[in-house]
Amino acid sequence: MVPNDDKISTFQLGLIIYLTPIGVGIFTLPAVLAKDVETNGWISLILGGLFCMLIIYFISDVGKKYSNLGLVETLKFLFGKVLGTILAFPVFIYYIVFTAMEIRIFGETTKMYLLFKTPLEYIMIPILILAMILTRNGIESIARFFEAAFFLIAFTLFLVILIYLPKSDYSNLLPILRVEPLKLIKSVSDSLFSLSGFEVLFLLFPFIRRPEKALRSSLIAISFITILYVVVFIQCIARFGVDYTSTLLYPTLSLIKSSDIPGAFIEGIEGLLFSLWIVLIFTTIVMLIFAYSIVGSNLIKQKEIKHTVILFLPMIYVISLIPDSIAETFEFTDKLVIFLGYYTIIALPILMFIASKIKGARG
Amino acid sequence: MKRIIMLLLVPLILTGCWDKTEIEDRMFIYAIAVNKVEDKKSESDLKPFYEFQNQNLEVTFLVPNPSKIQGGESDVLEEITVSAQDLPEAVGMIRKKQNREPFFGHEKLLILGEKLLRDEESSKEVLDWIDRDPKKNRSAFVVATKDIKELIGVNPKLEKLLPSYITGILKNDTVVATMISVSLNEFLGNIKSSGMAMIPIIKRQKDEIAIKNVALIKDFKYLGELDDRYIRGYSIINNKLDEGKKLFNYKGNIVSYNITSSSAKIKLNEENGRLVFTVDVEMEGDIEDYLINEDILKSDIIRDLQDSISKQFEIELKEVVRHFQEDIGFDYLNLKSWTKKHKYNLFKKYEKNWDEAFRNAKFNFKVKSYIRRVGVIR
């Protein structure tokens, strides 16, 4: 019997870490990598995955020690009240903007491929409201929803990969490793940020039933995402070639679009697949909303997370509509990564890891 | 009270079917044919309107008429022709003439006129329009033709719809060696990565349509025609040959060899500042006809035949390569991308002036053909 105590099991944590990073990033990822490192994108992805695992190790090492505190409290404990709050504030902004951009890009892609005439606002508002309803029910309901969605998604991904596997030209992946090392290293940051979302692990520690096992399930989740990304990248390159992939905006969606099932008794399965992609994006949005609500409620000392969710929802909606065009949206996302992403994903975990070691040595 | 307010708010957000289109309100466009009719250049100064002035393109949309299909009539294909500056304007114009909404998801065929292909800017624009819009069917076939009007007049003999008749012929490329078919996906991929692409040309022959020759496109521009005879060699070198026939000479008689599988392995060396490609081809096949009253079922005759076929394939491949090197002068054999994939150092060395390196390259062929079956008579 699973107790009803607002805590999640190790398996559920793994699912959360698996489903949160897979969002709209997967649409653009193959093009970004093909542009930077041509055929070697998969190497960059694997390196990015390994780097991500290192950060997860830092996070879980700190998280285990202060498992009942949560991110903001840990920061306050490690750096003092004032400095801790200052350090936690960018994280909050990061989650707010990240959620907003995720919803915007979700709206843009849905409009482009599925609902051509529906106004953007009407695509974004319902998904925000649905995500809000789920988030307000707490981490346990979220984890259960993720469990339900996972098998649907896992089955679909498996099916999609089976469709594309035979009909591609895998010699497009050659040559291997013929790229300047500096370029490859630079592209690792792209790969790492395609995994962004895993940092919610930090916020989840107070909710994990057995924090000591968090590291293992997170690492497994990250390696599965890396495998999925590598497969998607290889499929895009094998189907379109490097030069064509780098000219596409959403190569993954074009890949789905170019599907032709042998026998061809069904045409255009992309409608079915897109509706499942929405579930995948929904999980990301839910988790991001949950993340900002935890950080936000800790910052403003509000005990009920429920209220924080609604409090900042209008703000997210407004921020998501700031960029005027799709080009500006991408620029905005890049700026988010440069200013806040590096801080939240790389700098903060390392900083906290070092601080906890010093504190541990003293105490 | 709260619930009632919620209930009233929900329809505000959840209703509204902006994308609702009933199937009977749709016009399923099966084929688009584009050609250039005029060549009016637009001036650079700003004007209040640009609509309806330079009608450079003539666009024909082929649409099957569902009610005619139901009624069992024969002439079910409707053609809607508009002249416009570009394709978006053309689509806008058919909406002024037809009540139904054009739907491109089931497009089977894109017919590009020769005059359009000769104009770099226009063909770029047309192809970009197709590439940019995600609603297009990317697995549609692309063909080129000289005269679209005479083509559309053809009434297929065994099919109801002209586009499915043409795509049906194109799908025969798996069994006919001297023919290729190109999907939109492949075509756009080729032209964007190497700037070079091939499109089959269709021509009207009396009351039928035939595929004859291949149009060579270089950087969105029509370069020339490639004779059907050279396609088999091209497919063999590119490993694209599934099945096909070759006529060969045996003791003064022309007999037919049906290739059932072929695989080519390319090796590349550099000798005296010159690329040397060595192509090893292995193929299997059957003998389809032979000399009457001669016993073929002897292994030394089969061996003799095999050697003869191999030798004649080597002659053919040499001629194909010579044609590409000397007459056409560009690397349509995709050897540049092959070199990039497999011999990166040599690729880096010759990347800048690849066309010249290709023209000067030496080719060696080793063909090994096997005869597996000879039919049911001796």
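Backbone N, Cα and C atoms are what each Cβ position is placed from, and that goes for glycine too.
Residues or ranges marked as transmembrane segment in TrEMBL: A:12-33, A:39-59, A:79-101, A:113-133, A:145-165, A:220-242, A:272-295, A:307-324, A:336-355.
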Would you call the transmembrane segment (A:307-324) and the transmembrane segment (A:113-133) in contact, using three or more Cβ pairs under 8 Å, pairs 6 or more apart in sequence? yes
Should the transmembrane segment (A:272-295) and the transmembrane segment (A:145-165) be scored as in contact, given a threshold of at least 3 Cβ pairs under 8 Å and pairs 6 or more apart? yes
Is the transmembrane segment (A:12-33) in contact with the transmembrane segment (A:220-242), using at least 3 Cβ pairs under 8 Å (sequence separation of 6 or more) as the test? yes
Cβ under 8 Å to the transmembrane segment (A:39-59), counting only same-chain residues 6 or more beyond its ends: which ones? 30, 33, 172-179, 184, 187-192, 194-195, 198-199, 201-202, 215, 218-219, 222-223, 225-226, 229-230, 233-234, 237, 242, 345-346, 349-350, 352-353
Which range wins on Cβ pairs under 8 Å with the transmembrane segment (A:12-33): A:79-101, A:113-133, A:145-165, A:336-355? A:145-165
Cβ under 8 Å to the transmembrane segment (A:145-165), counting only same-chain residues 6 or more beyond its ends: which ones? 12, 15-16, 18-19, 134, 228, 231, 235, 239, 255-256, 259, 261, 269, 273, 276, 279-280, 282-283, 286
